[in-house]
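Enquirer: Shown below is the structure under consideration.
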């Protein structure tokens, strides 16, 4: 029996040729082939089994032995699951664990060489005695960054992703097992230096913080929009170097706001200390919210 | 190359769903990818070709349905179509546009033979 409409497939014939019941009068090549309407602007994908010989279009050769407009002959099983669903579930679990401890967690993302680690070292140095900090470092290889953080006295765990281009929520969950962040403290997660891939992966953080250094191009927000769209705060870093560069800071900020109108921007320098009052005040406000939740 | 991770995610979802239909061959995997999603469809389908080998969906067709990008224009107070995250509002030219649709990455359906 036909799985589309329940008819006895291939039993009706006209002029000796099998014609499925309720078949359309003509070849149905327009419209979608699924049980729902294709998304707007999507060209329909023709998947039906049409056996064509000169003067003859046969719609009954598919597994259902019948054709109905808008349906393919295979059985469609709706799933509707987010590709990142597993990561998002693990990120939600991380977020719960962090909330239970009152921890404010930030996921720091940028291209390689933007000065993330130097910025973290200076941040930890200035927060000493004000807020306990733990750091998770993500790099493809080496433990160099974790060693730099440990030299400040803050606990740090290094994740090496091997060939991986980003941290994911599973890795960070493992890191939380190994290095429980301090109660009511700050967890800084330094992601793999990569302005593309980490944008898609929620780790359970409160905010993504994107760092754009002025030694890069001011058009980076337009060239890598996903990351700037995913972030809540942009640190425009190394601003002490601006007098020596042709970098147009105003344009960089304008481009970033085109991608993400809600993006907060702080101009800073780990060398001169410019902007650190704002950056640390932003952190402390977040940490207070996390503590009191 | 986070497309490889996404492809692994697709494989996991497909294998979970296929368990409810033992012995059935999967003819197609239907994905829904938004125009503003953080993924390159070409790269994803390339990765799926590799990742689905040896799975229940080996050799299955991969259909990708794209959903258009939309954003909320704060100036117009209206939903407007946008093709990229940095697009201006097509009506007023403002960049105060927050993406509201077209960021999804989903496995929508399986077609069983």
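Cβ coordinates come from backbone N, Cα and C, glycine included.
Those TrEMBL annotations? Automatic predictions, nothing curated.
Below, the features straight out of TrEMBL:
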- B:2: Ni(2+) binding site (BINDING)
- B:73, B:76, B:89, B:92: Zn(2+) binding site (BINDING)
Enquirer: Non-local Cβ contacts of residue B:73 (Zn(2+) binding site) (under 8 Å, 6 or more apart, same chain)?
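Expert: Listed in sequence order: B:79, B:80, B:89, B:91, B:92, B:94, B:96, B:97.
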Enquirer: Report the residues of the chain - excluding B:73, B:76, B:89, B:92 - with C-beta within 8 Å of the mean position of the site's C-beta atoms, for the recorded Zn(2+) site, in sequence order.
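Expert: Other same-chain residues with Cβ inside the cutoff are B:74, B:75, B:78, B:80, B:90, B:91, B:93, B:94, B:96, B:97.
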Enquirer: Using Cα coordinates, what distance in whole Å links residue B:76 (Zn(2+) binding site) and the residue listed as 'Ni(2+) binding site'?
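Expert: Computed Cα spacing between residue B:76 (Zn(2+) binding site) and the residue listed as 'Ni(2+) binding site' is 36 Å.
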Enquirer: Taking every protein chain shown into account, which of the binding-site residues B:76, B:89 has the largest tally of Cβ atoms within 10 Å of its Cβ?
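Expert: That would be B:89, with the most Cβ atoms nearby.
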Enquirer: Among the binding-site residues B:2, B:73, B:89, state which ones have a Cβ less than 8 Å from a Cβ of chain A, giving them in sequence order; state 'none' otherwise.
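Expert: Cβ contacts with A, in sequence order: B:2.
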Enquirer: Across all the protein chains here, work out how many other Cβ atoms are within 10 Å of the Cβ of residue B:2 (Ni(2+) binding site).
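Expert: Taking every protein chain into account, the count is 24.
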